[in-house]
Amino acid sequence: MGVKGLNQLIKEHSPSAYKEFQLKNLFGRKVAIDASMCLYQFLIAVRQSDGQQLTNEDGETTSHLSGMFYRTIKMVENNIKPVYVFDGKPPVLKGGELEKRLLRREEAQKQKTALGDEGTVEEVLKFEKRLVRVTREQNEEAKKLLQLMGIPCVDAPCEAEAQCAELARGGKVYAAASEDMDTLCYEPPFLLRHLTFSEARKMPIDQIEYKDAIAGLDMTKEQFIDLCILLGCDYCESIKGIGQATAFKLIKEHGSLDNIVEWIKNNKTKYTLPENWPYDEARQLFMNPEVTNASEINLKWKEPDVDGLIEFMVKQKGFSEDRIRSGAEKLKKGLKGGVQGRLDGFFKVVKTDDKKRKADPKESKASKKKKK
């Protein structure tokens, strides 16, 4: 679900926190990717010409494997080293959001069934995409594929995006990559969005710098988390009638969500607090997420197991052997070279005062005389 309206607020108040670039601009970087999020994207986006998901001869869905294989290779070819982080058990507070998603899928199924044979291809596809969910089996298949590709995986104890942020904060990777804006609540130095999107979509990668984002909003870490909860997150519903502009204004005026709650309770306002609203529990989940300390995680990129890839992807899943072998060669080449150093990793960029940059006219004349 993410945090509704947060993207726009940061763009409005912290434009310097945003950068847009292409995949190649991340060369030399290690990135922790929210695996569950990108598997969901692959199941929706990787389709046949008729709009149906990719399947093998046995009718098993293979869109997630195709997307994971080729997008990972594209990153490695650009000298990027990905690590995929998988969700663990969901927090108890997330149960309400998961139940809502289930109800939305059930409603989509009813609407699709109601169309019968009279619905257009576009209408049917719209409801089919709403029915998409990543199964446990698909998660395990993705892990197996990545292992054979030589790409490291991490099983998070709880939320994958929190673990991605921990790896970034701990210096194991450069950034956390996820489409969920609430990843910023876990303080990754950088959040990357659209990293696993197909290049055919021609959508640049967004980079958001956490430090610049909260500086532009002029908020503390605690106020930023309160803002995200007020906007609506996976852990608790939002307050009806409070959108992004009002949420920002209220945090500025009252300083904290506790004060806002008291203000709503003690004054005749048009806002009504949800019954038993667990905002403080949600805050604690963001402040103290259940993660494995980055220092305890050892990330290793290995040479791909070509025979294993052929057995799994070709013999079991029905992919083209030529394409899998070609992909494996690209992986070998990319991973063998290692991550090349970036210039900004060796040199510290120092801003030069414009006045100092301009040569003194007297000095210039003097130097010319010496040359003569």
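Every residue, even glycine, has its Cβ placed from backbone N, Cα and C.
Annotated Mg(2+) 1 binding site per Swiss-Prot: Asp34, Asp87, Glu159, Glu161, in sequence order, evidence recorded as sequence analysis. Glu161 (Mg(2+) 1 binding site) has a Cβ environment of 32 other Cβ atoms inside 10 Å.
Arg71 (DNA binding site) falls within a helical segment according to DSSP. The Cβ neighbour count for Arg71 (DNA binding site), using a 10 Å radius and every protein chain shown, is 22. Taken from Swiss-Prot, the feature DNA binding site applies to Arg47, Arg71, Glu159, Gly232, Asp234.
Swiss-Prot lists Asp180, Asp182, Asp234 with the feature Mg(2+) 2 binding site, giving sequence analysis as the kind of evidence. The 10 Å shell around the Cβ of Asp180 (Mg(2+) 2 binding site) contains 22 further Cβ atoms across the protein chains shown. Secondary structure from DSSP puts Asp180 (Mg(2+) 2 binding site) in coil.
For 353-366, the entry in Swiss-Prot reads compositional bias 'Basic and acidic residues'.
The annotation region 'N-domain' is assigned in Swiss-Prot to 1-105.
Annotation comment: Swiss-Prot describes 123-254 as region 'I-domain'.
Swiss-Prot lists 339-347 with the feature region 'Interaction with PCNA'.
Per Swiss-Prot, region 'Disordered' is recorded for 353-372.
The binding-site residues shown are Asp34, Asp87, Asp182; of these, the one with its CA atom nearest the CA of Arg71 (DNA binding site) is Asp34.
In this structure, the C-alpha atom of Asp180 (Mg(2+) 2 binding site) lies 12 angstrom from that of Gly232 (DNA binding site).
Assigned with DSSP, the residues of the region 'I-domain' (123-254) fall into helix, strand and coil as follows: 71 helix, 15 strand, 46 coil. Around the Cβ of Asp87 (Mg(2+) 1 binding site), the same chain contributes Ala35, Ser36, Ala156, Cys158, Glu159, Ala160, each under 8 angstroms and 6 or more positions distant in sequence.
The two recorded residues, Gly232 (DNA binding site) and Asp182 (Mg(2+) 2 binding site), have Cα atoms 10 Å apart. In the three-state DSSP assignment, the secondary structure recorded for Asp87 (Mg(2+) 1 binding site) is coil.
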